[in-house]
Amino acid sequence: MPIKIGIMGGSGLEDPQILHNAKEVEVNTPYGKPSDKYIVGVIGDVECILLARHGRKHNIMPSDVNFRANLWGMHSLGASVIIASIACGSLQEHVKPGELVFPDSVFDRTLFDGTNPEAPGVCHIQMHPAYNEKLRQVLIKTATDLKLKFHDGGFGICIEGPRYSSKAESRIFRSWGASLINMTMMPECVLAKELGIPYATTALVTDYDCWRDDEQVSMELVMKTFKENSHKAKSLFVEAVKRIAKEDWKAEIARMKKAARDAVMVGPEVTIPHLVVT
């Protein structure tokens, strides 16, 4: 079966022009409406599904992103794997604005509880590793070959937003050893795991948050850095999509679906359709 790659857009990747033969698809989900219409098209000869996480007009604040609908829509359209992009602040001096980071873990400081009274059982999904390592390594190898400046590993703090951190918060998060701070790292990676879909994210660093005495994060600063560097995420993903499609994902997807099914506390007689390996 040909692979379909989901692209969860942020950091400039909400631009449908990265796809050829693009068309809009509206999806209704059991969890309500996704952030926007999905854009389906191709990069090279690889089928892709693109969604703007905050809407194409960037009019949805982090707390109001319907993450469950967004991920379910990707699943219903047949996404085999998902690569995501996020804009982040840096909590460490050596992680500089304009650079990319491929995090390997995340610390959740949001208020999202994932409540769904309709779901069968309880899902105790494993969150180590937080991101699919095979997929992460494809992104890292692509960034290396494109000679992009990046950092391999590290974890991000995901705050509720939409406000930025206070200096006290920023310095505490920094003291914990976090590399990044962001408002949308969670719960996407959790929901992808619950669907059994390999998922990895690329962070574009836009600022130093507010832990420094000589620099404070602002929307103006974030947008300036973003505009100057978003082409890096675009070029990375365009090339990575082609490389991902050359890999065999059948065993990895089967492994992830089994892990997700095993994490749900219902009897083996209960079928969970989206976790059936075909």
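From the backbone N, Cα and C atoms, a Cβ is placed for every residue, glycine too.
Summarising the annotation, TrEMBL assigns domain 'Nucleoside phosphorylase' to 4-241. Among the features that TrEMBL reports, phosphate binding site is placed at SER11, ARG53, HIS54, THR184. Annotated site 'Important for substrate specificity' per TrEMBL: SER165, MET219, in sequence order. The feature substrate binding site is assigned by TrEMBL to MET183, ASP207, TYR208, ASP209.
In terms of C-alpha distance, the listed recorded positions HIS54, SER165, THR184 place SER165 closest to ASP209 (substrate binding site). Calculated from their C-alpha atoms, the gap between TYR208 (substrate binding site) and ARG53 (phosphate binding site) amounts to 23 Å. Computed over the domain 'Nucleoside phosphorylase' (4-241), the whole-number mean pLDDT of the model equals 92.
Listed in sequence order, there are no same-chain residues at least 6 apart in sequence whose CB falls under 8 Å from the CB of MET219 (site 'Important for substrate specificity'). In this structure the C-alpha atoms belonging to MET183 (substrate binding site) and SER165 (site 'Important for substrate specificity') are separated by 11 Å. Residues MET183, ASP207, TYR208, ASP209 are the ones the record ties to substrate, and the longest Cα gap between any two of them is 15 Å. Considering other CB atoms within 10 Å as the measure, the emptiest surroundings among the binding-site residues ARG53, HIS54 are those of HIS54.
SER165 (site 'Important for substrate specificity') sits 13 Å from ASP207 (substrate binding site), taking the C-alpha atoms as the reference points. Looking at HIS54 (phosphate binding site) and ASP207 (substrate binding site), their Cα atoms lie 20 Å from each other.
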